[in-house]
Amino acid sequence: MMHKNTLIGLVIVAMLAAAAYLATGAETRDASPAADSGTADSTVCIYPKEYMQTHHMQVLADWKEHAAHEGPDAFMKTPDGRRFQKDLATCLGCHDNNRFFCFSCHNYANVKPNCWNCHISPQDLP
Amino acid sequence: MKKVFMPLVMVAVLSCIPYVGVAYFGMGYLFGVIIPYLAVLLFVAGFAWRMYDWLSRPVPFCITTTCGQEKSLDWIKHQKLESPATKWQAALRVMMEVLFFRSLFRNTKAELHTGPQLAYASSKWLWMGGLAFHWSLLLIGLRHARFFFIEPPLVVQLIERTDRFFELTLPAFYMTDAIVLAAITYLVARRLRDAKMRIISLQTDFFPLFLIGGIVLAGMSMRYVAKVDVLAIKALMMNLAAFSFDAPGSISPLFYIHLFLASVLAVYFPFSKLMHAGAIFLSPTRNLANNSREKRHVNPWNKKIKFRTYSEYEDDYREKMKKAGLPVEKD
């Protein structure tokens, strides 16, 4: 009986270690290339329009997480090879030409995201 | 265990129908417009019919169940909720029942111990599970007002804001979603865990639970997992609320599963045990005042009794009575 408990304990420890390893993302760390400041191509969005309409919140949440961990190294590469800094300012760089860009849909759908708790809303800019 | 798996299979088949219909045959109009309208029509008509049927039954006596001191002499304390004396007190008691499941709070559980000794103890789990389930469903339902109104009422906005209080994920996580799933799990497990409960549970007990579970899961996966186009959905729902027959835009089949299962629930509602939603207001053991000593209750279908009073008798036989020497009241 003692032997079995030890075995179960070892398995749990191994699983915890594996979980910790995966959670830190140590195995996926790639040598981050030097941040060459590729200027964003402002004619096409990072994903197709249909995808962005339904999934933009997920992209923004991912970006927020990566930017918080990797800071200025947080870049995303689109399938066609363009590079974008993961930053809300990258989005607003193009999308602030219409200051109601976020709000027209969010108001219609009665969605109140918490982006502007910290970030300055385009509507609040002079 | 057929009676558990059959409803599960039925819900699975029901959720496949709109998926196949919309994804492969483009029947968005059928599942997005026609079926929801039919379902609401059947729901309203069925609900009204059931209520009319119950309301038209006479309730000749007050058969209030009481568990407290009824209204009596001034110096005896009257328990207004346990033994209501007026209509308002009875109404308050019904509302306490509806909103807080007051009598379920008194639920007890009997256990046979060695001895043999029978022990009773308070059992609040069903009360808690039921309360969590019903309140979550109510709040989730109210939250859906954002699809039917341009600007939902302030109460609904407050509920919505409280519900996403934790701000866990980016389409904000609603705590009622988690609570309703936990409550459904408990309510199903409660019927499966105990042998007595397994025996008395029927297919019709499991089916609504699985159906509501399916609706909740489809709704949650639209919000948290596979994102759908909310704008097209809102446009469709606003159209439905305005009784318009415009074709829906391109919406993910997942939404149609959610809508179709909700339509099935609406149709199923008036013909099933789910009618307890309306029936609880009509239960004569709860909604009547315990005033049988104060007020005379006459059974409305009793035949009119022809009484013959003594004065009438005397009027008929006065002369004969006088002749026989019997005393009369009037001369």
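If you go along the chain as it appears here, the first residue is 1 and each next one adds 1.
Just so you know, glycine gets a Cβ as well, placed from its N, Cα and C.
The stretch that TrEMBL tags with transmembrane segment, taken from the ranges B:82-100, B:253-271, is B:253-271. Where the transmembrane segment (B:253-271) meets the stretches B:28-49, B:125-145, B:165-188, B:209-233, the count of C-beta pairs under 8 angstroms peaks at B:28-49. When averaged over the domain 'NarG-like' (B:120-278), pLDDT in the model lands at 94.
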